[in-house]
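Asks: Heads up, here are the entries from TrEMBL:
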TRANSMEM  B:20-49  transmembrane segment
DOMAIN    B:20-441  domain 'DUF112'
TRANSMEM  B:61-82  transmembrane segment
TRANSMEM  B:108-132  transmembrane segment
TRANSMEM  B:139-161  transmembrane segment
TRANSMEM  B:167-188  transmembrane segment
TRANSMEM  B:357-383  transmembrane segment
TRANSMEM  B:416-446  transmembrane segment
TRANSMEM  B:466-490  transmembrane segment
TRANSMEM  B:511-530  transmembrane segment
DOMAIN    B:518-702  domain 'DUF1468'
TRANSMEM  B:542-564  transmembrane segment
TRANSMEM  B:640-668  transmembrane segment
TRANSMEM  B:680-698  transmembrane segment
Amino acid sequence: MSRTTPQPPRRRRAALAAALAVAAPLVLAACGGDDTAASSEDESWEPDRDIEWIVPYTPGGGFDTYSRGIAEVMQAGHLPDGVNIVVRNSPPLPQGIASMFNADPDGYTIGILPMPAAIAQEIQEPDLAQWTTSEFTVLGQVDENGYVVYVPADSEFETIEDLIAAQDIRAITVEEGSSSALAGLATIQALELDADVTYGAEGSAEVVTAALRGDADFFVYGSTDLVGFVESGDIRPLMYLGTEDQLPDSVEWLQDVPTAEEAGFPELAGAVTELRVIVAPPDLPEPVAEYLRTALAETMADEEFVTWAEEAGRPIVPRTAEETEAAIADQITQMEELVPQLADG
Amino acid sequence: MDFGSGLLEALQQMTTWSFLLWFFIGVLNGTIFGLLPGLSGSVGIALMIPFTFDMEPMQAMGLFVAALAGQNFAGSITAILINTPGSSVNAATTYDGYPLSRQGRGGFAIGVSAMASFLGSLIGIAIIIALFPLTRSILLSFSFPELTMLGVLGLAVIAVASRGSMIKGLIAGMVGLLISFVGFAPIGGDVRYVFGQAELYDGIGAVIVLIGLFAVTEALSLIVHNQKVATDARTSRLGRSQVWEGARYVFTKPFLLVRSSVLGTGIGLIPAVGGTLAAFLAYFQAAKTVRDPKFGQGDPRGVLAPEAANDAKDAGAALPSLAFGIPGSADWAIVLGAMIMHGITPGPNLIRDQPDIVWMSILVIIGASFVSSSFGIVFAPWLTKVTKVRASLLAPLIIVLAVTGAYGLESRTTDVLFAIGFGLLGYAMRAIGMPVIPLILGLVLGPMVERSYLQSVETFGGLSAFVSRPISLVLVILTVAVIVFEIVSIRRAKVSAEAKVEGVRSATRPFTLAVIGGLGVVAAGSLILATDFREQSRTFPVIISTIMLALVLLYLAVAAVPVLRRRFGGVIADGPGMEQMMHLPEGVLDHVDEPGAADGDDGTQPARQVATKVETTTAPAEAVDEEATRADVATRMRNAIILLVAFAAGVWLVGLAITVPVVLFLLMRYVGRESWRSSAIVTVVTSAALYVLFVSVLRMPLEGGLLLPF
């Protein structure tokens, strides 16, 4: 919907003067440039202005962190000089996804798509979901985040069996239709837990505090989102819901956590795994898609990005566009089966 | 590295030139973003994140925390000088800060605010250092029922505080709550009151409403009456001595300062409860506890209390963030996110693993607050000159800057339309003596109250948790006590029969009844629409629109039925507290008296004339002059309102880039009556400056309009 100006104006000096007064970081923004030669007539394509990157969540969360990490390395070394990636946070989820889907397919609007939340919303709330998940132009994937069942450290539940045996227990989660709420519901269903769910927490911090003060007995959240609280011994992981090959090596404490397969629930393993997928609107011209896919793949393989991810404690599981498309197709099939069941249960 | 040696480590790393440079850039960023209406400090912080990628984590964190701590005071400057809070945390400061400016005491108010802000954050930091070991138990004692009741208490306080027009205050609060329902329901999955507009899914931002209700309304009022902000400033000096007087004043009220700071810190400790509530609670505890209050008429204690509280609240919010990894505020959420990007893991272990980061943050909060307050004290004499700028120049600039700021937030045309729409609503509300502040508080607290209420019921299986948990019970009792106390004191207050008759008369003017009736229609509409929502999404809209509808019907019934009016007229009568809420010091309205001579292009206009007629203490002046002034004001008002509507339409049709210069020029020329030459010069310079700032530096994408897509 929003269209950027064709070319930043040549007001360099004035901009610099004003910017110095504001703040040096902003100067860098002004210095980012223009003057890129227009693309030639042949099949190849190159961006000649900034690319907008939509994050359908508020700043500070996982999707935002990954996006900014990629954007930084990508514009530094994998895009023409002066072309920047402008990260735009556009919550709430349905609106963010819709604006990715409905933008002009010109390569200047891309975004990070949470799976399976996108397809689950599409099935659950067809009126709201102004998109068709399967039609996005897929550029690649940066991470897979397997879910984990956690309990507060002082909980009476030592193993997943204890939880299954318990009666009238309570879970807390974020908004309905999010990937982690789905993972929680799938867990409750597969394990046949006698549990009620309180929705509406705003992010991981609220989920953890609610559990710590005893307002919830357990919760299901991503494996990489709560590292600080696991390491401090405030919460304990009971079961890993991803598959064996989704286990990130970099997260040490996760290696000893029983997986759903080991615990005897193979159908739950990988049923809901959060994929962080980079997409463009449908019908993106092939040369444009090719250019962006290559730039993204190169960025995710870049030493600088890998180092950053390690330092930030953000495991990365990069996948090519074809692999990602296949994974998305799998999740769509899965969700078409799972979501109606959850709605019934 | 233990906690104590972390302090040395932090000091060592902080006393480098590069750290200090980033620290100052951070403070500047916070100050400037805090100052610009629309662009809040968190936008500034988020904008900086990409540029810190290659920086040392320590320096990057110094930059972020400095920006976070530097913003609160800056927002009070605009609240004081032009009645436009930089963000909602400064809204309470307008109550007394702006009247001070109108009396030519703006510098004094800035001095008070600067010193209160700095000392507030100092006291807050002292408190959180003492509370570090207790963080966990404090955090864990506030569950959903406590959060709900904190919000309800805030709403109760604000409603009863609109003394003299309590029922109007209540209605305004309900309007704010209704606006807060727009968009996604926090629980239940419905999208409410969006009318198919995708732009409304995320709700209507408090910042947009703030820009409209304060900046646009105030600018409109200034230019229509063609007044400088500082109306009676002829005698008093705006110099530096006034600023220092303000700074010294804070030391004469040590107990109020400490009370407000403790309150602010306490609110900050509780995640999800914002600084806006802290500032308002501090303001009203001040209003209820000090001797000889002149609140609303430029009492400096009304600046001291909220400003000390909202800076102390930032210190308070640092505790859960640093000691526990739970963001204490939206700004801290971004800073914690930035920490992760720099390989620092926030969480309960941060203090053990990296005490230097914790100490650095604490020192930077104090330092940034000191530096930004110093900026204020140093620059106040120049800043206050803005109150001496003639309205014909100042008001169009405020309108244009506010509207551009509204657009800059999300680059959405709808935000511009809302800002202008709320500006007109604010103007109508002011004309009928309905306070706007309860609306803001309802809007800000609405989502928190609704969400935690539903979570309470879900988690604890009913309403019993509200009275069975000790802290929640205390809050319930406090809420009831506040309401009872207020009702009793209203009953005891001796209002002369004459004043009461006058109050009832001003409360039953046709325009007042029309606006109230219009709000009743809105409430009824909301109620009807709410019946379609799913169960959990429905609860609050149904409750609130029913209450609002009942209040409106009560108001109209008392106004319309003579028997009721005689007996219960006091319920709706405008009281002595009303003018305060309207920010109209004595004398201002003298020039506005207008006996129905003008043509009504807009519904607001004729009624406004009636409105001002009653409130005015009619000045005996030469009849001819009076007549000319009246006609003049009427023309200005007509032109200003036409131009604002044209502004909205223009932005919608051809986009901001074309509309802003045109409207700016027309406002100056035809409402402000500036000369062709100065209108043209100011328009060109302002448009160029806005372009550089927003398009070149902030990279705001310009959108065309309906007719002119580009």
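Cβ from N, Cα, C; glycine included.
Because the structure is a prediction, the values reported are computed rather than measured.
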Asks: Report yes or no: does the transmembrane segment (B:466-490) come within contact of the transmembrane segment (B:542-564), defined as 3 or more CB pairs under 8 Å with a sequence separation of 6 or more?
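Replies: Contact between the transmembrane segment (B:542-564) and the transmembrane segment (B:466-490): absent, because fewer than 3 Cβ pairs are under 8 Å.
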Asks: Quickly jot the same-chain residues contacting the transmembrane segment (B:139-161) by Cβ under 8 Å, restricted to those at least six beyond its ends, or write none.
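Replies: Tertiary neighbours of the transmembrane segment (B:139-161) are 169-170, 173, 177, 267, 269-273, 277, 280-281, 284, 287, 320, 324, 326, 437-438, 441-442, 445, 448-449, 452-453, 455-456, 459-460, 465-466, 469, 471-472, 475-476, 478-479, 482-483, 486.
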Asks: Under 8 Å, at least 3 Cβ pairs, sequence separation 6 or more: does that hold for the transmembrane segment (B:108-132) versus the transmembrane segment (B:167-188)?
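Replies: Contact between the transmembrane segment (B:167-188) and the transmembrane segment (B:108-132): absent, because fewer than 3 Cβ pairs are under 8 Å.
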Asks: Restricting to the same chain and to residues at least six past its boundaries, which positions have a Cβ under 8 Å from a Cβ of the transmembrane segment (B:542-564)?
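Replies: For the transmembrane segment (B:542-564), the list is 167, 170-171, 174-175, 177-178, 181, 507-508, 513, 516-517, 519-520, 523-524, 526-527, 530-531, 571-572.
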Asks: Please report, as numbers and ranges, the same-chain residues at least 6 past the borders of the transmembrane segment (B:511-530) whose CB is under 8 Å from any CB of it.
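Replies: For the transmembrane segment (B:511-530), the nonlocal Cβ contacts are 168, 171, 174-175, 178, 181, 192-193, 428-429, 431-434, 538, 541-542, 544-546, 548-549, 552-553, 555-556, 559, 603, 606-608, 610-611.
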Asks: Look at every Cβ pair spanning the transmembrane segment (B:61-82) and the transmembrane segment (B:416-446), keep those 6 or more apart in sequence, and say whether at least 3 of them are under 8 Å.
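Replies: When sequence-distant Cβ pairs are counted, the transmembrane segment (B:416-446) does not touch the transmembrane segment (B:61-82), since fewer than 3 lie under 8 Å.
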Asks: Compute the average pLDDT of the predicted model within the domain 'DUF112' (B:20-441).
Replies: 85
Asks: Between the transmembrane segment (B:167-188) and the transmembrane segment (B:416-446), are there three or more CB pairs that fall under 8 A, provided the residues in each pair are separated by 6 or more in sequence?
Replies: yes
